[in-house]
Amino acid sequence: MATTVNPDLRKERENASFVPEKITNFLYGGPERVQKKRELASLALNDPDYHHEDLNFMSREQQYETCLKKSLLMTTKIKQLKIDAVDEHFYRSAVTGPSPDPLGLHVGMFLPTLYGQATQEQKEKWLNLAENYVIIGTYAQTEMGHGTFLRGLETTATFDPKTQEFILNTPTLTASKWWPGGLGKTSNYCVLMAQLYIQGKSYGPHPFMVQIRSLQDHKPLPGVTVGDIGPKFGYDVIDNGFLALRNVRIPRENMLMKHSKVAPDGTYVKPPSSKLAYGTMVFVRATIVNDSAMALSIATTIAIRYSCVRRQSEMKPGHPEPQVLDYVTQQYKLFPYLAAAYAFWLTGQTMMSVYMTSSSRISKGDISVLPELHALSAGLKALSSWVANVGMEECRLACGGHGYSHASGLPRLYANLTPGATYEGENTVMMLQTARYLMKSYNQSLQGEKLAGSVAYLSGVQPVPAAGRTRNMLDLGALCDAFRHRAARLVHEAAMQLRNERQAGKDQPDAWNAASVDLVKAAMAHSQYFVVKNFAERLTDSRLDSSISAVLTRLCQLHALHGLVTNSGDFLEDGYLTGSDIRQARRHINALMAKLRPDAVALVDAFDFPDGILNSILGRYDGNVYQHLLEWAKASPLNKNDVHQSYHKYLKPFLEANRAKL
């Protein structure tokens, strides 16, 4: 089998205008971080304990068992290797690749909820057990009948002052918890979101620590009905579960009481803000921006490398078949998503930084940052996951027939990442939550209040006459101005639409619903402006040398221009941009793609994904696609024997019966 690099890929790398390592250092925070990432990835990828048969050739039950075993082993080795929390994600991502982790909700939601919402006494009781995997938990919020609308959750926790207990019930079929990862077969505990009732009065959803399985034999406890919800579009390795509770009693101390409290006599102490109970969700929404960037980065790596290896058709009669990436239509499919991958990668870093800074302030009692944190994480989560969903599918289609095969890695990548558009808040609802904050901020600006943070630009929209104006549509300042103007105008118009609906006699909920399309559009524009502005600002980093700055600037220009052209009506309808501006933008897109074409492979190499993480025949670093495709196909269980047993059971009798009739 060939071990040399495909000559087409080798030439691509030789002709790049920059050294990919420099961008890798920029993306990961410096050469020391890159070195640590590679060391940990090498440890994981070269560890024979993690090697197993291709998941694509396994049943769902085998996939779950294989990945659970791997996840448990990974957890043990992280402790043995003394990998600290800062670097742990490097090791985990190398072990699991783009696939979900059966213990993912324990690490990503159960533990963070204990960190953020348990009192010191509760942490002393549970945290050591959870961190050392004596108990394994999940986060049980979504119900069969309610998801994003948390106030509508039907699960109840009724306080009994006589016994100092909460009585937990899922009183209806639709109250059954549905979807939590790890709930089906793995977890023995969960953080349960339930409506708190005291003396018949509801106090809204609150988190409760609930044991659901025995720590001795793992059987469901009395009153607990729990299991796996069955096959899904993706996530085959995860035991997403259902949970029904019937008069399950837990001690009063099992309500997580850092922010809200129920005293022994039933007195309720409300939190400083109702949004504090949703801190875990905000964290996960912030991580989804990173996940979306990662998925899009992997997809574009696969599609761009393969598009340089694959040669197809004749561009000129009698000439060799060109590389598919030489077709401008292929570049137009892929390069905007390559630019978006970089944009969201940098946005994800900023979003996580905002989250950490805000969390620090919240922990010190400053809850003033909560509304913006909630709104920003909701809008960016929705935008990034929507773009990633479309982009991954575009990359699969750009790989032609082979993209349809699991050998490409793209179907599994898409199936595992596309739920991001619905979990932790359905995207349209997320945009409406962002819009609610925008409307509040806009109204504050009208009252003369000074706005800060991501909404500082909402101080009013000044009309810009088109006559005699010329613009350089490659200037990042001009592009940021355009996105800012569009966002401010659409927020203004959504606010006017909302006001008009109220003046027409509708109450606030009906007016909000009637204006919701405009509100979502405003929130989308706000989020897109944030991404473009953040990308441009990150390019001012003094550590970037000229070659890196040049190619990243082209990506930023392409990202902004593609968004501008795609949404050209928004920029044209108030005369801010002209038809000439849009035509100029289209020409610039073509010119930028031509300039990015020689650097395309180097730009995806800079993401620094080893083959073990890409898990794609088409996206292999060495480009030796075809021989490995054949080897992969031969490994299919259907090929273990030349004649499958179904021939003797069904096909042979069928053929013989037909032959006898002749």
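Cβ atoms are placed via backbone N, Cα and C, with glycine included.
Keep in mind it's a predicted model, so treat the numbers as computed, not measured.
The following features are taken from TrEMBL:
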type: ACT_SITE; residues: Glu424; note: active site, proton acceptor
type: BINDING; residues: Thr142, Gly181; note: FAD binding site
type: DOMAIN; residues: 20-136; note: domain 'Acyl-coenzyme A oxidase N-terminal'
type: DOMAIN; residues: 278-439; note: domain 'Acyl-CoA oxidase C-alpha1'
type: DOMAIN; residues: 477-655; note: domain 'Acyl-CoA oxidase C-terminal'
Proximal but sequence-remote residues of the same chain as Gly181 (FAD binding site) (Cβ under 8 Å, at least 6 apart): Pro100, Pro102, Gly104, Leu105, Thr138, Tyr235, Ile238, Asp239, Asn240, Gly241
Distant-in-sequence Cβ neighbours of Thr142 (FAD binding site), under 8 Å, six or more positions away: Lys177, Trp178, Trp179, Pro180, Tyr423
Reported mean pLDDT - the domain 'Acyl-CoA oxidase C-terminal' (477-655): 96
List of residues, in chain order, with Cβ under 8 A from that of Glu424 (active site, proton acceptor) and at least 6 apart: Met281, Val284, Arg285, Ile288, Lys381
Per-state residue totals over the domain 'Acyl-coenzyme A oxidase N-terminal' (20-136) - DSSP helix, strand, coil: 86 helix, 0 strand, 31 coil
